[in-house]
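Just below is one structure, and these are the notes that go with it.
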Amino acid sequence: MLRNALGKAFRFLGYTVQYGCIAHCAFEYLGGIVVCSGPSMEPTIQNSDIVFSENLSRHFYCIRKGDIVIVKSPNDPKSNICKRVIGLEGDKVCTSNPSDFLKSHSYVPKGHVWLEGDNLRNSTDSRCYGPVPYGLIRGRICLKIWPLNDFGFLRASPNGHRFLDD
């Protein structure tokens, strides 16, 4: 009887470890659901919106200008941030605030991306902490799940004029 109980306990433990590994791989490599907070991506993503983030793009280096990504914060590695990719390595980007009279430009270094929030007046982004290493990207947001009246693919950047093609 004890042998039977131990056998069941070990089988249960084995299944738990197996399914835990499968779940970890699914969330790490395929994607997951993310609750966004903060005003930096308004009006595209509001505070408390729920989105789906896929992680395959970052592994295959398929991140493009205009994509909204989840990134480990350069200021606080324990938290994630949600920003839009404005420039990829080698791109010329405007590094000044939109209200600045004189505009300054810079090139994104190799292995980095330039990130900005859609709400330029209320966003801490690459204009503050500089280019972000590609390795900090956790995933690409591809679908808004909640609220239901806004369900679907994300709209284009309200700051499309900030993308430079020089």
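The backbone N, Cα and C atoms fix where each Cβ goes, glycine too.
TrEMBL entries are annotated by machine, without manual review.
As given in TrEMBL:
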- 16-97: domain 'Peptidase S26' (DOMAIN)
- Ser40: active site (ACT_SITE)
- Lys83: active site (ACT_SITE)
- 103-146: domain 'Peptidase S26' (DOMAIN)
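If you take the C-beta of Lys83 (active site) and look for same-chain residues 6 or more apart in sequence within under 8 angstroms, you find Ser40, Met41, Ile68, Val69, Val71, Leu115, Glu116, Gly117, Ser123, Asp125, Ser126. The helix, strand and coil residue counts that DSSP assigns across the domain 'Peptidase S26' (103-146) are 10 helix, 20 strand, 14 coil. In terms of DSSP helix, strand and coil, the domain 'Peptidase S26' (16-97) has 19 helix, 27 strand, 36 coil.
The Cβ neighbour count for Ser40 (active site), using a 10 Å radius over every protein chain in view, is 22.
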